[in-house]
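Listed features, source Swiss-Prot:
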TOPO_DOM  1-65  topological domain 'Lumenal'
TOPO_DOM  87-93  topological domain 'Cytoplasmic'
TOPO_DOM  115-175  topological domain 'Lumenal'
TOPO_DOM  197-207  topological domain 'Cytoplasmic'
TOPO_DOM  229-263  topological domain 'Lumenal'
TOPO_DOM  308-353  topological domain 'Lumenal'
TOPO_DOM  375-379  topological domain 'Cytoplasmic'
TOPO_DOM  401-425  topological domain 'Lumenal'
TOPO_DOM  447-453  topological domain 'Cytoplasmic'
TOPO_DOM  475-523  topological domain 'Lumenal'
TOPO_DOM  545-866  topological domain 'Cytoplasmic'
TRANSMEM  66-86  transmembrane segment
TRANSMEM  94-114  transmembrane segment
TRANSMEM  176-196  transmembrane segment
TRANSMEM  208-228  transmembrane segment
TRANSMEM  264-284  transmembrane segment
TRANSMEM  287-307  transmembrane segment
TRANSMEM  354-374  transmembrane segment
TRANSMEM  380-400  transmembrane segment
TRANSMEM  426-446  transmembrane segment
TRANSMEM  454-474  transmembrane segment
TRANSMEM  524-544  transmembrane segment
Amino acid sequence: MPSLTQTRSTVSELNTSAIETSTMSDSGHQNKPKGPKGITFSGETFIVPETHDMVKTLFDPTIKKSNFELIILGLLFSNLLVFLIPNNNLRISIFIGFYIFWRLSYNFGIGWLLQHQSNDHLLVQWAIKYKLFDKNNKNFLAKLVQSEIKSQRGDAYDINSYPIEFNTWLIFRKFVDLILMSDFTTFICVVYACSINNDYQFIKNQPSWLTMSRIVGGSILILFNYWVKVNAHNTIKDYAWYWGDFFFRQINNEELIFDGVFEMFPHPMYSVGYVGYYGFALISKSYIVLLTAIFGHFLQMIFLHYIENPHIDKIYGPSKNEINLIKILKLKDLKNFDNLKPLVGLYNFNWMRASDVINLVLSLTYGLIIPVFAKSLKSLFVLTVATKLFESLSINILLILQSQFKFFTKWSLSNDIPIEKSLNNWAVLYNSLINLTYSSLFGLNLGYFLQGTGSSLVTDYFYLRLFLGLCLIYTQSWINLSIIDSIGYFGWFYGDFFIPKSQSSIKNLTQAGVYRYLNNPEQIFGVCGVMGVFLIHPTVENLTCCILWMVNNFVRINFIEKIHMIRIYGEKEVNRDSGVTKTVKKHLIPDVIQRKMSNDDPKRRGGVANGTSLGDSLDNFIKELRNSTTKLSQQKLIELSQNLSFANSNYKLSIDGLKESNELKYTTIGTPITVSWQSPSNTHSIRDWVGLYKIVQTSYSRNKTILSSAGRWTYCTDSKGVFTFEKEKLFWEEGVYEFRYHLDGKHDVAYISEPFEIKSVDIDVPGDISEAGEFSKQLKTEIFDKIIDIKSINESIAPIANQADNVIEVYKLFSSLISKSTQINVNYRIFLNNDNLSISDVAHKLIDIKQVLQELSFNSSEKKNL
């Protein structure tokens, strides 16, 4: 689409030169102070004025308050009126109601607005629809909005000299200020009301040392929370704090920032950014405050998952090539596990896999059956310890033997077992033993519950211990999933112990995902779930198990895994500083000591970072309308064609090479389509363009196209011309299509071609292997030649397909066309899993499949006749 090309060009110029692009927006700001450059999603550039955070804006007496800010302050202080009510329990109920209202307004109100702003630019569209920033609009709402902006920015601020997107963001900020400040204020009111309840219960009914410990511990959490917020704001500024990237982009801010607190924790504003809430709960000694904090934090994580993360992926996500590489690596990862996701715990369970069923039976036996029939808790404890010791010794010894002597690999090769199979066998053994240990631990605690035996160490604060224990268990589960997501199943099952580095797709240790923050996340969080079990049920037996788990985890990581990693990847690669270490050094350790302690190699700092450009990111904002499920009749499609509306037009489009049929003219999938155009020479623009579209997606309008052409277009530089649409400029699916002639780089339609159909070619699979040669040539001509340039039916497909930007999509296209053309389903993984596969091999596979299907059909019908 031409407009996207222009936007990319503008962004490229702004990113690669210090000279400002001479756009209309910039020319209006030449005399203004320089600041960060912004660009709207329509391509308009401007200088982003300085703004202040909500606390400074609302509470700094030196800053003039806007109209909305005065209203916000009034609403905040109005909460104090509730304290005039003498009944404190009623106050608590009222404040909780207020908090729920503001929290829902935050996560679902702001969330809804941001989601639609991200997908549809809703807020900006409202501003345009109601002309909120038009000086000539005398509507009350427009005057109110313009008055608010003037009161924010001053009378010298020229509203029309800034994009609508920026002005809309300024108004949206006040809406955010109201909700966020009200949310926090009502929560503090809940904390205070609960603390003073029952004659200041938060400092009574406890030993003084415990009370002081609560207050100090809670205060530390609150101060840490404050530092997180301040550091985060100093890092990302107002632009990201107020979700500015939902409205416009800042030049040279095309990548996510990993600095300060963002280098220590994933999504710190949503994760550790709420620990202060739990600090308030600790100080107030109130389960009501704790539940309120959990409620607010839970809703915030929902907001992160459904609103923030999708937008982050859309704007800052990896490029198409990086996504493609990740997909390939994950699929290649499964080659070591029979192309199926291996069992981790009981995750990825498959009833058709015998090892999975055996794992389930053993887990149920150790976790349920044995505890139910056990005569004493001592026997359960001995079983748990024995199982853990057996797992620890056997796994550790095997890893040492494999690392030092390649014991497992030599045994596999001597028995003619491929090394990939040896890793799969190891994975089954490793996971089975891990499952036994955790099942035994679960069975031990189930035995306590069934026999009604209480804790022998601590009996108080059960609900608090339950909450903290469940949090630790969840943390271990989440960390494990994050580790798998970062290093794959290959890394989870110690794949680099079994597969040579030259044959592995992993050449370096990852610094992505959870490993961005910690070098060894499993060392800290790998057994925190067992600590959680002890916290919930603090017995001597559980304490012993907890220590046993921790010691084994420490030994395995530091004396087995780390030594092997250093041998393979090098000491500098293994010992380089994690995000947490870097931040602690930066803020707490003097520079002189830092330089002596640093593990970073200076040569590393010259490396090129893998990132996405703003131009690539903007691709995600050219919205595609979804394919309609409405089925249109052929006659209806003809009625929708341009020929009935522009019969006397001076513009013409004609399509060459279409085949005749009883209904619409047609061509086959992948066949190049040549289109000719004709336009009046006196009005022709070199920016006129022709695009290819599916009719069911453009039937809403014959005069304007609002759907992205997704690259299927070409400029009409001359008033008459011919262009052949082929390969990436074609649709590779069946349907009814049309060409549209657009004027002057815009989306106004001057002419629409006759509708035509794209069909799958029909290829008959022979039943005799002797015909494989001719069949291979037919596959090459009708399918493969349309997608890749392959010379021979015996040439490997992979090296040529890998030259494409997205090899996964190429393989999927192969399988789709073959399946539709031959009526035999073929999975794209046959191309991915065999680098030497040729067209001839594909032909033989199809013939073999047909022969098997014919035999099965024959036997089936034969049985019916008996």
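Glycine residues also receive a Cβ, built from the backbone N, Cα and C atoms like all the rest.
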Problem set entry | Intrachain residues whose Cβ lies under 8 Å of the transmembrane segment (524-544), provided they are six or more past its termini | 377, 381, 384-385, 441, 444-445, 448, 455-458, 465-466, 468-473, 475-477, 479-480, 518, 550, 553, 557
Seminar exercise, completed: Sequence-distant contacts of the topological domain 'Lumenal' (401-425), meaning Cβ under 8 Å and at least 6 residues beyond its ends, amount to 335-338, 342, 490, 493, 495, 497-500, 503, 560, 563-564, 567
For this session: Using Cβ atoms only, state whether the transmembrane segment (264-284) and the transmembrane segment (354-374) have three or more pairs under 8 Å that are 6 or more apart in sequence.
Result: no
For this session: For the transmembrane segment (208-228), find every same-chain residue at least 6 residues outside the stretch whose CB is under 8 Å from a CB in it, and list them.
Result: 261, 265, 268-269, 272-283, 285
Problem set entry | Cβ-Cβ under 8 Å with the transmembrane segment (380-400): same-chain residues at least 6 beyond its ends | 366, 370-371, 374, 407-408, 426, 430, 433-434, 436-437, 440-441, 443-444, 447, 494, 497, 541, 544-545, 548-549, 552, 555-556, 560-561, 564
Problem set entry | Beyond the flanks of the transmembrane segment (354-374) by 6 or more, those residues with Cβ under 8 Å of it | 343, 346, 380, 383, 387, 428, 431-432, 435-436, 439-440, 442-444, 446-447, 450
Seminar exercise, completed: Lying 6 or more residues past either end of the topological domain 'Cytoplasmic' (447-453) yet within Cβ distance under 8 Å of it, the residues of that chain are 371-372, 374, 377, 380, 537, 539
Exercise. Tally of helix, strand and coil residues over the topological domain 'Cytoplasmic' (87-93) according to DSSP?
Worked result: 6 helix, 0 strand, 1 coil
